[in-house]
Amino acid sequence: VHLSADEKNALATLWGKVNPDELGGEALGRLLVVYPWTQRFFDSFGDLSSATAVMGNPKVKAHGKKVLDSFSDGLKHLDNLKGTFSSLSELHCDKLHVDPENFRLLGNELVLVLALHLGKDFTPQVQAAFQKVVAGVANALAHKYH
């Protein structure tokens with residue numbers, strides 16, 4: 001992902017304000033509610049029968065935190081996203097058979113959640129930088145797909 005020095009600094013500053021415990025679950029929960037067909041990959045998560053159930057589900061929150069922790073790792077390795085996400089790409093492709101389009105959808109939900117929580121600090125310029133990163137991460141996660 002090609003980012004200017006200003007974009008990298010803005011991302012680092014704003015990412016320091018992010019609470020992965022809270023925002024990861026919210027982003028994943030929104031994915032599962034807005035795109036209900038994505039729920040089929042989460043059969044073991046229990047009750048996903050309503051928006052309230054999804055958003056309050058502790059397994060959704062825990063997995064969302066894992067997702068954001070991985071995203072945080074990606075922010076530290078912007079010059080090597082494919083390498084950083086290689087094992088996760090393999091897992092999601094070969095074992096879990098996740099549609100790679102879901103990575104793009106989740107990235108969009110993450111951007112929405114960041115905008116909601118960061119408010120005026122999430123300027124159009126910051127959004128543009130985050131969009132580049134989530135697109136890069138989605139591409140890296142889809143890399144092992146044939």
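A Cβ is built for glycine as well, from the same backbone N, Cα and C atoms used for every other residue.
So that you can see what the record holds, here are the features copied from Swiss-Prot:
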type: MOD_RES; residues: Val1; note: N-acetylvaline
type: DOMAIN; residues: 2-146; note: domain 'Globin'
type: MOD_RES; residues: Ser44; note: phosphoserine
type: MOD_RES; residues: Lys59; note: N6-acetyllysine
type: BINDING; residues: His63, His92; note: heme b binding site
type: MOD_RES; residues: Lys82; note: N6-acetyllysine
type: MOD_RES; residues: Cys93; note: S-nitrosocysteine
type: MOD_RES; residues: Lys144; note: N6-acetyllysine
DSSP-derived structure type at His63 (heme b binding site), helix or strand or else coil: helix
Other CB atoms, at most 10 A from the CB of Ser44 (phosphoserine): 6
Stretch-averaged pLDDT - the domain 'Globin' (2-146): 88
Winner by Cβ contact number (other Cβ atoms within 10 Å) across the modified residues Val1, Cys93: Val1
Secondary structure composition of the domain 'Globin' (2-146) [DSSP: H/G/I, E/B, coil]: 117 helix, 0 strand, 28 coil
Cα distance (Å, whole number) from the residue listed as 'S-nitrosocysteine' to Val1 (N-acetylvaline): 22
Candidate modified residues Ser44, Lys82, Cys93, pick with smallest Cα gap to His63 (heme b binding site): Ser44
Neighbouring C-beta atoms (10 Å sphere around the C-beta of Lys59 (N6-acetyllysine)): 15
